[in-house]
Structures are given as structure tokens and as C-alpha cells.
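Lifted from TrEMBL, the feature list:
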type     : residues                                       : note
ACT_SITE : H680                                           : active site, proton donor
BINDING  : H680, N681, W682, S683, H684, D721, D832, Q883 : AMP binding site
BINDING  : H684, H720, D721, D832                         : Zn(2+) 1 binding site
BINDING  : D721                                           : Zn(2+) 2 binding site
DOMAIN   : 598-926                                        : domain 'PDEase'
REGION   : 14-62                                          : region 'Disordered'
Amino acid sequence: MALFDALWTDTSKRSVFMARGTPQRSKPMSRMERDSRSSSRGSNHTRQSSAGPPEPLLNGDSQVSEDSILSRRKVSLMPLVTEEDLRDTDLGRKDPEGIAQVFGDDVASRFRYPSTPTSLMSPPPYDTKEKMLRRKISPIGPPPLAFETRDDSLPRGVPTVKVRVRKENHSEASTSNAFEDVSVALSPVLTSKYSFSMANHGKNFSFGHKTFSNTFELDYESFAAEIAASNPDMVHFQQVLNQWIKGQSKAQGTAFILLSSEWVSCFCQVAGDKLLKDPIVCGDSSLLYSLISNAQVASDDGTQSNTGSTDGATPPIVIDTESLSPLLRAKLRVIATELGADISPDVTLPPCSLVLIQARSDFKTALFIVHRSKVSTANELACVMPHVQMIGTLMSIVANIEEQKRLARQSQIFLSMTQNVFSSLQDMNLLVRNITKEAKALVQAEICSLFLLDKEHSELVAEVFEKNGTTDEYLTEIRMPLTQGIVGHVATTGEMMNVKDVYNHPFFYPKVDERTGFVTRNILCFPIKDSSGNLVGVAELCNKIGKPAFTPHDEQIATTFAVYCAISISHCLLYRKLQEAHRRSHMAAELLVQGSTLSIAPEDILRLTVRDIPDPTSFHPDFTKFCFVPRSVGTGDTFVEASLSMFKDLGFIEKYRLRRRTLARFLLMVQKGYRDVPYHNWSHAFAVGHFCYLLLRMPDVKNALTDLERFSLLVACLCHDIDHRGTTNAFQLQSKTPLAQLYSSEGSVLERHHFAQTVTILGMDECNIFEQLTRQQYQQVLDNIREIILATDIAAHLRKVDRIKHMAETGFNRNNQEHHYLMMCLLMTASDLSDQSKDFKNSKGIAENIYKEFFSQGDLEKQMGNRPIEMMDRERACVPKIQLEFMDTVALPVFRHLSVLLPDLSETYDSLEMNRTCWQTLDSVLQEQGLPSGGLDYLKDLNLEKTVLDRVGEKLKEKLNEAALSKRAICAANSTDLGSPTIPSS
């Protein structure tokens, strides 16, 4: 049961054997006839080539010879209208509008005819409980942003979080449905304590009676430590240079004070040949600039002496250490101690000199020299000063190399980040994940959240992709109003914030930490803006790894990273818009009725309008018998003529005042609506309609259903597979086709599309065959058609099998509306499976077309990299076994229930059981002879077919003989009990 629920998830169309060959005309066609016929064929995808003689269709139950059938198929019963027909008959008065379209106004004016009656206005668009035609179709695909729709039950203006918690009835966390998302509103913060003015965009802001600055004191020593670790070449060069200077000057030792604009500080990381464990920060980046500026001013006044000469370069400047600030002198004392100077407690500095060096590339540094004594100071300086300019030049070169290396590494990081980010432009969720991942890696942060702007609700929304802690409850979404928190302040002001201690900051919102248990220490928060300066979102980095706070260098990286983020998010949104436009265009093409762009030949409409509609038996003497194979009457055009005959024979044309022209155009459009696929084509629709026509003629059905329900059934059967693509519902869902995106939430994807196509045809010009109905009848008939077409989904049928069985057991109640619905569904399903009740030769041919379609789908799935199910795989499918399972699961129960409700169908049910016996015999023969069961070649083997039929015939004779012997034995036993003589055998 589970197998067929999956395999037969689309309408179970297991009953079509397409007629081969095209009827040929007995006399040459005129030019007008050839043109109209070629036009008609061009618009009908189910018509086949007329090349070659037509092959006879196997039909063992027909009492008429094949030659007789073929002779009937060669000539249309409703041929094209000629001018001779107009002269000799009164056809010109039946459809003057059609005469004018085909022959022109001059010919039409010869006939006196009343003006064409104006048709009644069609009822308003169909409006049912599901509002299928009026409903507003939601945008296709995921929303343009990564966050989900806001829960309107939550209060506005307060922060909210979405938490994933374990369900009470689940104990295993590993199961996919063990958790559920719960939205929780957090308590708002007090405005007087935490809120800020949205107009306050400056560097300072007020809080209570205090004034805070957005510029925070930097931990320069930690910054320098990272510089030392990332510049090993510069460290080694300083060690070598210090050793050389010490050897040349015989000084106690030397050290360089370097300037780092990146870290906004001056620091010493190497003392002599020793790399300091903790670099000594001497001040901010303005220190050397101020020293050099002051020294140059003093030099101009003649109060400062310079030693050494340079060729046009800025000469080195020796600074009097006694004039330095106490803070700088204390830092120099620490450096001197590292150089091995013996400093008494009462002395601030040992004999030392500070030489300011400025190279041509604007490189600035300071050489700190610790002398052995005051006496040797002059000699040691004299040895060093001639080489100071060269030292500055070398240091600038090394520093430039190090800077280029740093920029190269940073560029490589950004390039890698850009590749990772831009590779996910098709998926906003994946893009956000990559952005947060790369941001954490760039600045070494524990957590990164990307808040996207929800303009509609004035909120910032962040999806949380990480589970923190070991509890079963964890955060999945954060919503923060624009007036709350650090992210709200950054979004409002557009300025970056680097907060070292968040719990002492007035804008920090602590409720999220309280909810999750996560402890936030420091935050780097920066805005993300598009090229127009509009806010896209805000990125928030929490807890710098290995450092007490985020550095100015991190701020620089974040500023550059924000540009990449803005570009990637903007492009993702643009891509989604283009994708949405393409999807809508594709959807419009998908919803377009197949063949609707092709015109219907006026000649075809005219002949179907003015010619007399033939009786059903004109197509074949057995046309009104259940054993008749309807495809034997011809092909597409003949099926339209036969459909007209069925409408007339059932009395629908007269009862519902159907205009012949409207009915003809409707049937021609339905014919064009079917695609040229092996099975779900116009011939299948006609075969289903023919069986339904036979059912509707039965007195029991006439007594059970209303005329409007019978009318709905016939129309639904002819339209039930319009625009079928030759694939199953499961394939549509797996491939995420536009139809699946439109109908997947409602189920029965293809069936709903067939109904939508039917209603679309009814809305076309001169195609609304229900225009004469009242509004109530119009809505009722479309309701019926919808339910009947949806019933062709076998998955839907299996869900109501028990109700149908109960109806069959208790009997049909005409006063029970549920029984009316179930009866219509049962008649539709039986008609859809009707070819299973024909002779085995026909059923076998039908199966060949069915599995051609299935195997084509299987080939598509293989091209997509998927493994098709067995019945779709031409290498693995065994048709007899699959047919047996389907008949046992679906077909036989359907006809069993129907034969109980309609006893006259008992012979049809017996024919179905006979076909099952034939399939079972075929399976046995394949196993006995060791023939391969894959593919379809053995279904064309006439010798194999004869073997199967012979065996089935022998089994049937044996059963008949056993039944006769059993009957005689019963009669003999009854005669003995009554004391009568034994009846002799005849």
C-alpha cells in the first residue's frame, strides 16, 4: 500500500493505448481543405503523422471486422463545409457568423438570416470556499530577507527573541521534530536610564548628570603585543641593528621606539637583542610627531644643537631627556632596565640619549641609547650619529616591506572572504551565515550577529545559527527595536561603537544575556550601508578572543568588511528580485493554456457547428458497449466529433441550451490543451470521457445523480488531465517546479493545475459552455468539476476508500450529499482506470505507453543526479509485477465497489479480473523462459502474447469444466436426497 501511495501519487492514468495511424480521406482535398486541415493539425499536438498505412488496433471483443473499422475511420462524419453545401442545403442559416469568417461577407450576404442572438452574460468569476480563481497568489520562493515574518501576537516596541525548546512529548533531541520555536517578548528597558536621543549624532552624549565620550582609552600594550607577533622580520632586524650599533659605539645598549599608525601608539618591542615579553608603550601616535615638531622649532631658535649631516634629508635630532615628560621618562627607565643599566632608586634615568629619526618616506622612529657613563656619552654619540640617517633609511625600508606584507595578508583574507560571501548570493540565509563566520575569523570574536533592517516594523532582526550552552533551549532569532540597545544606537546614528565594558555602558541591553546565560564582555558594532548610504543592517561582534577589548585595528578591518557586506547583501537582494521576476515570467508561461497562442481554424468550428451531429453508433456499432475500445474510432478530430455526439445523446445540449459554436470551440480548445506525451494526452481524455458517457447512460446512475452532476462529470472527464507534463506530483515537488511552488501547500499539484486550466478555457472567448446556467448552477457545476478532477489523484482516492466501501455496503442514499460526492468521485476514478477493463491486448498496449512516460521521467531524474523509484527505472521495472500490485491495490477494489452499486457492471469487473490473470501468467512465463523483465520489448512480442492467451484460455476451460462437474454433483446429490432418479448427463 505504501508503495503505490508513493508511486501513483499523481492521477492514476493506467489505461491508455494510443491509436496508431491517421484517417485518410477517400477523395482529394481542396486547397481550402488542405490549408484548414494543416492549420488544425498544427494546433493539435496529439495528431500523428499520416505517413504509412494505419495499424489496426487489437480488440478481441469487437464483433465488427478490422477492415470495417478502418473503412469507417477514413472518412470524417462531419466533413468541412463547401460552397456547394451552402447552395444545396440550409447550412448557411445555422451559423452565419461562421460562414462569414470562412467564406467572407460576400458569400454570407447571399443568405437571409436573422441577426445573431446576443448570448447572455456569463456569471461572475468562480468563487468557492477556496477562491481558486480570485485568491491572491503569494510571492513565490522564500522572502527576500533572511528573517521570517514577525509574530503579530507579540507587543510592538519591545525586544523579542525566538527560542527553540524541546517539545513536552519528545525526549530525543536528535529527532528533527523534537523542538519547536517559541517567540518571547522581553521586558523593555527604562527610558530614563537607557534610551538615547536619535538626534544625538556627535561624539559625546549625555547620560543623567554625566557626559560620556565615544572615544575610549586604548590598551596600547596589548596592541603592541600583537604587532610584535605579526612582524617577526622587523623584530629580527631590530635585534641585528641594535647589536651592530652597540659594537660600533661601545654603548650599554640601544632600543628603537616605533610608531604604529595602525595601533595609534608608540612602543618598544626589542631591547638590545632581546624581544620583550610585554612591549613597552610609550604613548600615543602623536608622541614622536610632537617631539620632532618641538625639536625643529627649538633648532630654528638656535637653542638646540644637531649633530651629523645629511644630504638634503631631515637631520637626526638629539633630545635632552631631562626635558621629557615624567610619564615618558618612566617608560624610558623601564627600557633602560631591560638593556641592563644599573639604576639607583634616586635616579630617574641613567646616562642616555634619545635620537629622533625621520626618513624621506615620512618614516619616524626614535633611537634610545643607554651610555656606559656620562663621560663616554659624547664619544658614543659621535660614533652613532654619522650612521643615523642610514639606519633610518633601512628601518623605513623594512617597515615598508612589513606594511606591504600586512596589506597582502589582509587582501588575501578579504579576497577569500569575498569568495565565500559572494558564492552564496542565491541564498540569503547562507549569505548571512558566511558573513558572520568570516567576521568572527577576521577580528577573532566569539560571537557575531548580523541584524537586518525590518523597515515595516522598525526593528533589527538577527537569525542566530549557533547553539550556546548544553541546555535544550537555545536562541534562534533576536528582534531589537531601533530605539533599544547598542545595535539600535548604531543603526540610528550610523556610527561604529567599540565598547570595552558593556555592563557599564548605558546603551547595552542585558536582557538577552539574562535569557540565554551568555556573558557579553565587549562589543564592536558597526553599520552596514549600501552605495546610497541607506542602512541595510548592523553587525555586532561580541567578546574579543585573547584580548580585553577590540582594537583600533579591528575597527579598521570592520570598516572595510562593512563595505563588502553591503555589496554582497545588496547584490543578493538584487539577485532575488531578478530571480523573482524570472520566476513570475516562468509561472505565467506555465499557467498559459497549452496551445492557447495558436488559433483554431474557422473551418473546423464551422463544420462542427452547422453539420448534423452523428449518432454514437455511427462511429461504431459497439460504441455504446462497455467492451468497446473508443480509440478505434479514429484520432483527435474524430474524438471531438464523438464528444459532440455524447453531449447530444445524453441530452445536455438541449437541456442546458448549449450553443453549438461555443461547445465546438470549447472542445477544440480542450483538445489543444493536451500535450504530446505518450499517455496523458487527448486520446486518454476521450477514452475516459467515453467510459463516463456509458456510465451516465445507465438508469441506476440517472436515478442516483442529478442532471447537473452528470453534466459536470462528463466535462470533468474530458478536462481532467489538461496540460499534463508526463510527470508525477512527486517529481513536480522534487524538482520545485513553478506548479509545485504554486500548489504544493494544498496538495494534488497537477490536479489543481488541470482544474485551473479548465477554468481558464471557460473564460476564453466563446468557450464558456456554462453561460446559460444560473449563478447558482454555475458555481455548483464548477464546484463539482473541481472535486471530480481532484479525485483523480490516487493518493486522495485512497484516503476515502473506506467511506466508499461503507457506501457500497450500506447502499446509495440519494438524500445523502456525502454519497453524491463519493459516487461522482468513484465514477471518475473508474473512468480513469477504464482501459484496465478492456481486452488484454489493449491493456498491454496501454501499459506500454504508460511506462514509456514513466521511464522518460526516470531518465530525467537520473540526469538530475537522483535515483528514480523502481517503476520509473527502465532497468529495474518489471511491468507485470507492478501492474498486479496496482490492480490489487487500486483498480480491482474500485470496480468491485462500483459493481456492487451498479450490478450491470459485473461483466466489466470480470473482465478486469481476467486481465489480472493475464498479467500474472505473463509474469510466470517471463520467469519460466528466463526472459528479462526490464524494459518494454517483451510487451511487443506477439509469440509471447499468444502463449499467455493460450494458457489463460486453458485455465478458463479447466475452471468451466470444474464448475460444470460441481454443478452436476450438486444436482445428483439433491436428486438422491429427494428419492428421484439420477438425471442423465446430456
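From the backbone N, Cα and C atoms, a Cβ is placed for every residue, glycine too.
Automated prediction, rather than curation, is the source of TrEMBL annotations.
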Give me the Cα-Cα distance between D721 (AMP binding site) and H680 (active site, proton donor), rounded to a whole Å.
7
Largest inter-residue Cα distance among H680, N681, W682, S683, H684, D721, D832, Q883 [record-listed AMP binders, Å]:
23
Average pLDDT across the domain 'PDEase' (598-926), rounded to a whole number:
92
Using Cα coordinates, what distance in whole Å links W682 (AMP binding site) and H720 (Zn(2+) 1 binding site)?
10
Whole-number Å distance between the CA of S683 (AMP binding site) and the CA of H720 (Zn(2+) 1 binding site)?
12
